[in-house]
Structure formats: structure tokens, C-alpha cells
Amino acid sequence: MCSPEEAALLRLEEVFSATLARINSLVFQPLLEAGPEASDPWGRECLQLLQQLHSSSQQLWDVMEESLHSLRERLRRPEAVGLESLLLLQSADRVLQVHLEYIESYTCCVAVQAFQKAVKRRSEYWRGQRKALRQVLSGLSSEGSVGTALLQALRQPLAHHVQQYVLLLLSLGDTVGECHPTRELVIHAASLFGDLQSFMRQELDQATATQALWPTLSSRLRDVLCTPARRLLQDSQDVPVTVTPLRAERVLLFDDALVLLQGHNIHTFDLKLVWVEPGQDRCTFHLLTPEEGFSFCSKDPQGLVVWQWKVTQAVCQALRGKKDFPVLGAGLEPSEPPTCRCGAYTFHAEGRFCQATYEGEWYWGRPHGKGTLKWPDGRNHVGDFCQGLEHGFGIRLVPQASEDKFDCYKCHWWEGSMCGYGICEYSTSEVYKGYFQEGLRHGFGVLESAPQAPRPLRYTGHWERGQRSGYGVEEDSDRGERYIGMWQADQRHGPGVMVTQAGVCYQGTFQADKMVGPGILLSDDDSLYEGTFTRDLTLVGKGKVTFPNGFTLEGSFGSVSGRGLHTQGVLDTAALPPDPSSTCKRQLGQGVFPVESRWQGVYGAFRDFVRAGCPGDLREALLGFHVQSSRELRKSQEYLCCERTCPEDQAGRMEDLLEELLQHREPEALQQCLRKALSNSLHPLGKLLRTLMLTFQATYAGIGANKHLQGLAQEEVKQHAQELWAAYRGLLQVALQRKGQAPEEDEDAETRDLRVHSLVLPLVLPSFYSELFTLYLLLHEREDSLYSQGITHLSLFPDARLLEFLDVQKHLWPLKDLTLTTNQRYSLVRDKCFLSATECLQKMITTVDPREKLEVLERTYGEIEATVSRVLGREHKLPMDDLLPLLIYVVSRAQIQHLGAEIHLIRDMMDPLHTGGLYDFLLTALESCYEHIQKEDMRLHRLPSRWSSREPW
């Protein structure tokens, strides 16, 4: 059985559906048929509002028909169709929504008097429709305007229908009982439609108040402020309030904006960007907007409370983006607006942001968090903001005069200016990667022009207030030159070394980009000039030339146009050949550029990071970041995306990295920890190492691969290892400090050098090895060439003949190790004696670690002694006289290329702790073998013309 309430609901829906049908034919069709004049914009807008209202009415009618159908099914088959099947219960929210949409459309028409304006176009027709309208409305008087009658016709049936909904649903809830499974649905629906009644009353009141406002304003103000969706919430003419410092004549609070009227001026503030701050007393409260702040005052505390409450709730409602339901300030959402919010605003006050539109996060009236700035001239900035200024990482795009050309700055910002690390791609195709301060290049940085530029340049070094200053390296690819030295005010200034692609290099003092005073000029044939000369290498003034053969020419030099170089001086042909160290191996730059002061911009940024306590938010700004960069022309919006590696995700949080250092302090564990850190390009130590690698390659690779720079390079590698150890110590001290533990004591120089050579240098040397070893190769090219000739010659000897040639005592020959095949004699066997020692020595070139190379040499020595002991059948320690010939034999058979470069690199880079020890002894022995093989008798000794076939080998 169905309840009486369900039957009443059915009758209610039938009546309302029929009423909607009559309204459609009686009201909507005539209204929509009367089109506005073409010159009447307000008429066209009213027509659109009426069309929207008609559409909402149709949707409401359709839902009523569905509800009616569900009720009929329920009453026709009560046993089969449950109460929960009623549309009014199972889809109460949907039914509510169509009512809300109808109310919204209706109140928009009310707010702008759309009905009154539409009626005017067919006033005679509507006056004749009063009788028909009485069929729809109860209590319609014969007096009053037709517009008012239409308002009632479109509102009264709905209000009555919702009222009956509530009464019948409440009654139905009582009928079904508390235990009925559908009771909650019934109560929920009754509550919704009860709230809808309150919402409808509020909306009608606001629309009526808004409609009454417009006639009180001038036509100019009305044109600016009047929109169908806008509702008036409060007017200072109703509740007086004073606004300072603007002294507004009238204050209007709408549901989307706060409007202050001051004479002919209109000040409009988007409520989404209005912050309410209570005052110190009951007579004042403050409003904060992106560019202005106001105080609201009133002599009536109660009136001020009304204003403060309504502004606060209006801001909350605007931020939520939908009207509060059922009334303003109601609902489950917080009644206080959040201090952090998102919004868009165009700045108008004079300043850097003038005419710029900011869209993003705000905090108390200031851009704060992530956001985007766009200027009318095409400039864009995307990034982090703090208290109204660019602060943190940001990308700035600046258009240039040329079409589709932009300067793109991917940088860290501090209080509105670039500060910290950044990558800038200019419209000229230049790219700068380095540090900034107050918007200017400052600290370490690399500026590189495009390869196709008229004059391709690359500068790697230090900057000061936008200019090259301090130590730096510039490569001029067009001239084939590389300058290594000091700069000031964007010019070469101070000591410097110039290296050319042709192999010529010189050292001197520069002033304002010009060389002044005497210098040193080394040519590719090892001629040496000491004196004054010009940038184009023309000898002028007094000087001395030392030729490779030892001849010297000392005097005055000059040049005459068309006649070349001329000189007046003394040519000394009796001089002895010069010491190789004074010409061929002359090193430039040492002592002129103290190694500890060359790359302070790189070390300094890391020290600043440590001094600041290794904060995560400064990690990128001080240590740099990596982005994918391309020189290809891209659309402007694509520049605003930075595929920046996120350090927190890929390298771990700073706290985790510091914790790892604390857990690995024992020597063996520490080396593994350092290896892991240095191999990770996102770890602070790994970042520092890669920046140092960049400076090293910029100085010594390519054109810089000159033998006269080997001394500079090898001391630089040692310094980098020392600085990396200091960097590790700095991180460790921060880790201890964060844990509240006592810091480690300062190291003395001896302990520090021991740790650097044993722990750090073996780990960092591979990163610099390619460029460094190339310099050693060039420096020892002549000796290595002689050595190569020697081992090539010695390789022609069979084993027995070579042992004899090297005066190895016969009782030490390991002939019993040889296994002869048929028709083979001992005298013809080759590369079999001391094979284990030879293979061991060959492993020297498989590692770059000096200590591991020395360990290979030690094992080689052990293999030689083990072979001799096996031959003699007893333990035997080789004296130096016996060791050297055997070692020469092993070296000649190992055929290690560039052994001289290997030996000198090992000696320069080995731990000073080994000086005077076994490793030093063995390295000296190897060096003696190397020098012996270079001798003329080793290189040019002729083999016997025939071999005796009867020799008993």
C-alpha cells in the first residue's frame, strides 16, 4: 500500500507540471517571439537572459515529468516498486540542481529588470493577457504593471511547489517510521528542499536589492557595474561606514567585488584578492588588496560587525566559486577565508610590475608561492615569489626587437633580482651558465657564443658586477687562441698566458687588453724569446732569442713595413745546447697564478652553502642545477617550461646525504662513501667535481693541450683534490652540528695531505686524467720517441739473445720454463721468459690511480724474483746489479707506450708518504730502465748477421 503522502506528491507534481506547460505557452513563447531592435544592446542581452530562463524552465519541466513517472509507477505497483525508486528520493540532489539553475536564471532577469524591458516592446498584448495570467496566479490584482505580474507568474508556482514538497516529505518521514530503510532518504530530501526555500528567499531579496540599486547610480556607473549575475550584498547608504584613506562617498559590497565610489572614480576590488584583518578596537577593521590597504570605520559597532561579517563571508563565497547554500555564511566550509589563495591580478601602480598580470598563489595581498607574471610587451616570468617579489627559482622570458627572438633566464632570484646560479639563453645565441648577484653576472660563470657566430668565443671564469674580472679562460676559436689569466672590467688585465692552435704560447703582463712590458714567447720548435713583443707576436725592443741548437741572439728587435723582422745585437754560436728544462720543458704560469686562488668562485659558492648550514632551499642557488638546453629556436611558451632535474627526488634529501656521511667515517667505508658521492652529479660533492672538471677542460683541452701548461695542470688537480676534501669536511661538520655532536678537530697539514693523497686523489684523478695525461705525453714526447725506438729494436731479439745482450747472468735465465716444439731451438724462442712479470707490468696502463700503478710495479718485481728463485731452486733476493737488466728485459717485452709520461705522472701524483720507500725505489729503478732504453746503443745496436745453429740453447 502507498501512503496518502505519496498520493499527494503525485497530485502536486501533476499540478506543477501542468502549470509549467501553461507558463511556457502563456509567458515564454510570447516573450521570446518579440525580438529586440538591432540597435538595442540591452534588449539583446535581455533576450539572452529570457532564453536562458526558458531553457532552465524546460529542464525543470523534464525532471518533473520524470518524477511524475516514478510516482505513477510506485502507485500502480506498490508491491514491486519500492519507495526508494522515487526520483525525488533517489536523485534528490539532481532535482535540487535544476531548481537552483532555474532560480539563478530567474534572479538574473529580476536584477536587470529583463521582464519589464521585454514587456515594453508588446505592452498592448500583455495588457490583454491579465485574465490569462490569473489562471496561473492566485491573488493577482487588476492593478500593477504587467512586468510585476510576469515576475509573480514565474516565481509563485515554484515557491508554492517547494513549500508543499517540504510539508509532504516531512509528513512522509513521520509515516514510514524510524526503522524504515528509506527514512534517511526522505529526511535528506526534506532537508534539501527546506534549505532551498531559504536559498530562494535570499536570492530574491538580493536580486530585488540589486535591481533597486541601479536607478540610484549614474548611467556611467551603471554601465560599468551592472551585470546580470552580480548581486548587491551591502550598501553603505543602508549601513553607514567610512573608508580611509580613500574617503569613499559610497561603498558597495557585491558578491564578486568590493566597489568604492569617489566622485567620478570607481575603485573595484576582486573579492578573491581581498584579505580581512580585524582591527585593534570594535570600531575598525582593515582590508588588504594587492596594491592598496583600507580601514573600515564606523561609529556604530553593530554596523561595523555587519560589514566585517558580510565582507568575510563574501570573500569565502567568491573563493569557493559558488554561492553558499542555503544562505550566505552557511555550510560546512570554514567561515574564515584562507590567507593563502590563488588568483589573477593586473597591477596598475607605477613600478616594475606596472601593467603586468600576475596569476598564481597569494599570501596577505602579495604574490607568494608559485605564479606567472605577464607584461603587455611580451615579457613573462614563471617561478617562485615571496612577499610580492621574485624569490626562488624562476624563468624570465624577454622578447627582443627581432621577430621570434627571446632572452630566456632560468635563474634563482632573491628579493626581486637574479641572485645565485642561473642559465641564460640570449637571442644572440649566446648562453651563460653561472652565478648572479643583484641581476648581474657575479662569481663563477661560463659565457659561450654559438659556433656559427661571427666571432665564436667561450669564457670560463670569474665575473664581477656583470664584467669579466679575476681569473678566467677565454677561447677565441676564430683566431685559434686561448687566454689564461687575469681580467679586470671585461678586459685582459694582469698576468696572463696565451696559447695558440699553432703551438706557440707566451706569457706576459696585460693592461686594458694590451700586452705591456717584457714577456716569454715559446714557439713550436722550442725556440725561446725573452723580451717585449706585440699581440701579433712581432718582436719589438730589447730581447733574447735562444734557438733549439743552443745559439743565442741578444739585442734590439723591430720590423719595417715590407722588409720583415730586423735586429741589432750579438749572435752567440759557441753556447752549449740549452738545458731542456729551460726551453722544451719550460712551464708557464706557475707562481704567477697561485693555485689556491684560481677558482675561488667555484670553491666559494660551496663554502657559502656550508656556512649557511646546507639548507635545501639554497642547494640549487649555490651549487647549480642541470637543465636540458637547446639552441634551436622555440616558441615563447616553450621557454617557460624548464625540464630541471629535481634534486630532492633524484639525489635524496640533504638530511639523508648528511646522515650518510656520519655513518661512513672509517677509512674504508669513507672511501666508498666518497666514491658514491663524487660519481653522483646531483650530490653536492659530485656537483662541485663536475664544475671543476668543466674548468679543467676549458683550460687544458683542445687548444690548451700544450706541454708548457703541464705544471699548471698537475698542481691544479692536486688543489682540486684538497678542496674536495675540505668540502667533505665542511659537510661533515654541518652533519655533526645538526645532530648536536661536537665538531671534529682541525687537521694539521700532514694529516690533511695524507688523507687527500690516500682517499680523494685516487677518486678524482680519473675525472681529469684524459687532459692531464695528454699534457704529460706532449711534455715527454721526445724521450718517449727515443724509448719507443729502443723497445722496437729490442723486440727483434729472441729471449736468449736479449738476455745475453742485456748482460743478464746465465744462471738466472729461466730456460727450463720454455717448452720447445719439434725443430725449435732455444735461441729462436721469443716472448716466453719472465712472461708472468711481463703480463703483470702491462697492467700498469689499465688504471689511472698512481698507488695502483705502483702496486703493479711491486707485483712485477715480485714476479721477477719468484721466477729467479724458481730457476735457482731457492729463495733469492736480487741485488740492484741483477735487478736492472732483468727489469729492462721485462720493460722491453711489456712494450708499454709512453712510459715516460706514465713514470712522471706517477711521481708527481704519488703519496709523499712513499718518498724514500719501496715504491720510490722501484719507480727509480723503472725510470733508470726507461732512460737506459733511450740510449743510442739500445736503439741502434745491430743484430749479428748470422746465428750459430749449434748453440746449445
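Every residue, even glycine, has its Cβ placed from backbone N, Cα and C.
Here's what Swiss-Prot has on this protein:
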type: DOMAIN; residues: 796-942; note: domain 'VPS9'
type: REPEAT; residues: 358-380; note: repeat 'MORN 1'
type: REPEAT; residues: 381-403; note: repeat 'MORN 2'
type: REPEAT; residues: 409-431; note: repeat 'MORN 3'
type: REPEAT; residues: 432-454; note: repeat 'MORN 4'
type: REPEAT; residues: 459-481; note: repeat 'MORN 5'
type: REPEAT; residues: 483-505; note: repeat 'MORN 6'
type: REPEAT; residues: 506-528; note: repeat 'MORN 7'
type: REPEAT; residues: 529-552; note: repeat 'MORN 8'
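Beyond the ends of the repeat 'MORN 6' (483-505), by six or more residues, the same chain brings 461-462, 467-476, 511-513, 521-524, 537, 588-589, 592-593, 699, 703-704, 706, 708-709, 712 to within a C-beta distance below 8 angstroms of the stretch. Beyond its flanks by at least six residues, the repeat 'MORN 5' (459-481) meets 434-435, 437, 440-448, 451, 487-491, 498-502, 593, 597-601, 694-695, 698-699, 702-704 of its own chain at Cβ-Cβ distances under 8 Å. The list of residues near the repeat 'MORN 4' (432-454) in space but at least 6 beyond its ends in sequence, with Cβ under 8 angstroms from a Cβ of it, reads 411-412, 417-424, 426, 460-467, 477, 599, 601-602, 604-605, 624, 631, 691, 694, 698. Confidence in the repeat 'MORN 3' (409-431), given as mean pLDDT, stands at 94. Within the chain, the repeat 'MORN 8' (529-552) has long-range Cβ neighbours (under 8 A, six or more residues past its boundaries) at 504, 506, 514-515, 517-523, 558-559, 565, 567, 571-573, 575-578, 582-584. Counting residues 6+ beyond its ends, the repeat 'MORN 1' (358-380) has Cβ neighbours under 8 Å at 273, 275, 288-290, 293, 339-347, 386-390, 395-399, 636, 639-640 in the same chain. For the repeat 'MORN 1' (358-380), the DSSP counts in helix, strand and coil order read 0 helix, 16 strand, 7 coil.
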